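Visitor: Dumping the structure here so I can ask a few things about it.
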Amino acid sequence: MKKVFIKSYGCQMNVYDAERMADVLAAEGYGQTGSVENADLVVLNTCHIREKAAEKVYSELGRIRVMKEERALEGRETKVVLAGCVAQAEGREIFRRAPVVDVVVGPQSYQNLPALLRAGRGALDTEFPADDKFDALPALEPARIKSRGVTAFLTVQEGCDKFCTFCVVPYTRGAEVSRSVARILDEAHRLADAGVREITLIGQNVNAFHGEGPDGSPWSLGRLLHALAEVPGIARLRYTTSHPRDMDEELIAAHRDLPALMPYLHLPVQAGSDRILAAMNRRHTADEYRRIIDRVRTARPDVALTSDFIVGFPGESDADFEATMRLVEDVRFAGAFSFKYSPRPGTPAADSADQVPEAVKSERLARLQERLEAHRQAFNHGTVGRTLDVLLEKAGRHPGQLAGKTPYLQMVQIDGAGRAVGDIVPVRIGAAGSNSLFGEAPAADGTWTEASAA
Ligand code: 5AD
Ligand code: SF4
């Protein structure tokens, strides 16, 4: 059997797309392998969001070129596909920069992978077809779903119309498109029937979801979540990534009314200065963000909030950065991703004259990350002593242990005796390490056994 190795960079959307590509290629007789050495076909599913992410791909392609050449000497063929957002952004240029690549395919064209592979060297597809690309992909097979575990991503929306001035997404993923409610429910049923317990709805702008409902009218994400909560077997729902402008009343109310919707919200704010937020074209102020957070916390007081930050956006002064630090102290996030601004070709901010020096960016990032990390640790320590439901997902760190997630997406290790992956068990949190919590779950006989942190 021919083997494919798929490596994904970047966001959850790419993780989901990689699974769909694996499904298409399975239908073509490719089995999956976890090591590039065994692969006849190598697919790099790339990310273009920051320069570092995009550059990583070219160094990986350098290594693959050596391997491909060595094999060619032995008369063995290796095909290389460049997929994802770098493919979309750079197109034909990739063949020039990296002749090792045989096929270039953008995120909206994965259904055409078999035809592109047959066409061979130099084949490219970076179109944005009008139809739902997922319709053209093979339906999810129970055995393939099972092999991927008890949690799953489900794409409900793709693309973005917001045009933040730093961001490539509107160019790489195209205009905002929502899938229909019927298709999403169908996929959710397939996942649940194959043993999935937790679904994370994904989209570049997931809370802008407005897919067509069975009645022909557009449904909001809040309404969709209510329908998904009714799918038998699905115990937990999450969604990511959201924009503050689209946190509507129905979605906030779902955090109050829907027990299946986990108390967790990733809501990128990027910066705390109104001047910078305006220059980023975020179309909200820092105080408007604070008020949204207040409303979400009123609906669901224990909600874990996480965010994304960019430091050193063009024109960011010391005072602007201090405003970001104040916002961080006000909200106290349970976790966050933070980045130095990276100018991306074709985006408005990249051409701005007042770029911030690299050294200033580094200094600001270090200061910001120190506070974000302190708040993350404080959040985790705050759960010690509480009993939280944990969905067991996989084998734990040590033999006999199982690992799972709390409602707040914290990883927990417990003693696995008498438990199975897919179970949701109450766990008394005993200790918080830097990346994992340790807890005790009641044994079948009702006694509590503690997982060792050693
Ligand atoms: N530079 C740095 N960070 C960026 N992000 C998006 N574009 C850029 C950029 N040009 C960050 C944002 C976004 C996250 C996915 O990546 O914080 O929310
Ligand atoms: Fe990266 Fe954005 Fe593409 Fe995801 S959608 S892979 S974050 S560029």
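Here, residue 1 is simply the first one shown, and the rest follow in order.
Quick reminder: no glycine exception, Cβ is built from N, Cα and C everywhere.
For 2-122, the entry in TrEMBL reads domain 'MTTase N-terminal'. The [4Fe-4S] cluster 1 binding site annotation in TrEMBL covers C11, C47, C85. The domain 'Radical SAM core' feature in TrEMBL is assigned to 146-378. Residues or ranges marked as [4Fe-4S] cluster 2 binding site in TrEMBL: C160, C164, C167. Annotation comment: TrEMBL describes 381-443 as domain 'TRAM'.
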Visitor: Just the binding-site residues from C11, C85, C160, C164 whose C-beta lies under 6 Å from any atom of ligand 2, please, or none if there are none.
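Guide: Near the molecule: C11, C85.
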Visitor: For the binding-site residues listed here (C47, C85, C160, C167), tell me which residue's CB has the most neighbouring CB atoms inside 10 Å.
Guide: C85
Visitor: List the same-chain residues at least 6 positions away in sequence whose Cβ sits under 8 Å from the Cβ of C11 ([4Fe-4S] cluster 1 binding site), in sequence order, or say none.
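Guide: Result: C47, I49, Q204, T241.
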Visitor: Could you list, ordered by sequence, which of these binding-site residues: C85, C164, C167, have a Cβ under 6 Å from ligand 1?
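Guide: List returned for ligand 1: C167.
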Visitor: Excluding C160, C164, C167, please set out which residues of the same chain place their CB within 8 Å of the center of the CB atoms of the [4Fe-4S] cluster 2 site, keeping sequence order.
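Guide: Once C160, C164, C167 are set aside, the remaining close residues are K162, F163, F166, V168, V169, P170, Q204.
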Visitor: Which are the residues of the chain, C11, C47, C85 excluded, whose CB is within 8 A of where the CB atoms of the [4Fe-4S] cluster 1 site average out, their centroid?
Guide: Y9, G10, M13, N14, T46, H48, I49, A53, G84, T172
Visitor: Enumerate same-chain residues with a sequence separation of six or more from C164 ([4Fe-4S] cluster 2 binding site) and a Cβ-Cβ distance below 8 A; give 'none' if the list is empty.
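Guide: Counting only residues 6 or more apart in sequence, the Cβ neighbours of C164 ([4Fe-4S] cluster 2 binding site) under 8 Å are Q270, M280, N281, R282.
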Visitor: How many Å separate the Cα atoms of C160 ([4Fe-4S] cluster 2 binding site) and C85 ([4Fe-4S] cluster 1 binding site)?
Guide: 14
Visitor: Would you kindly give the Cα-Cα distance separating C85 ([4Fe-4S] cluster 1 binding site) and C167 ([4Fe-4S] cluster 2 binding site), rounded to the nearest Å?
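Guide: Just about 12 Å between their Cα atoms.
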Visitor: I'd like the per-state residue tally for the domain 'TRAM' (381-443) from DSSP, helix first, then strand, then coil.
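Guide: Residue counts in helix, strand and coil order: 2 helix, 34 strand, 27 coil.
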Visitor: On the DSSP side of things, how many residues of the domain 'MTTase N-terminal' (2-122) fall into helix, strand and coil, could you say?
Guide: 64 helix, 24 strand, 33 coil
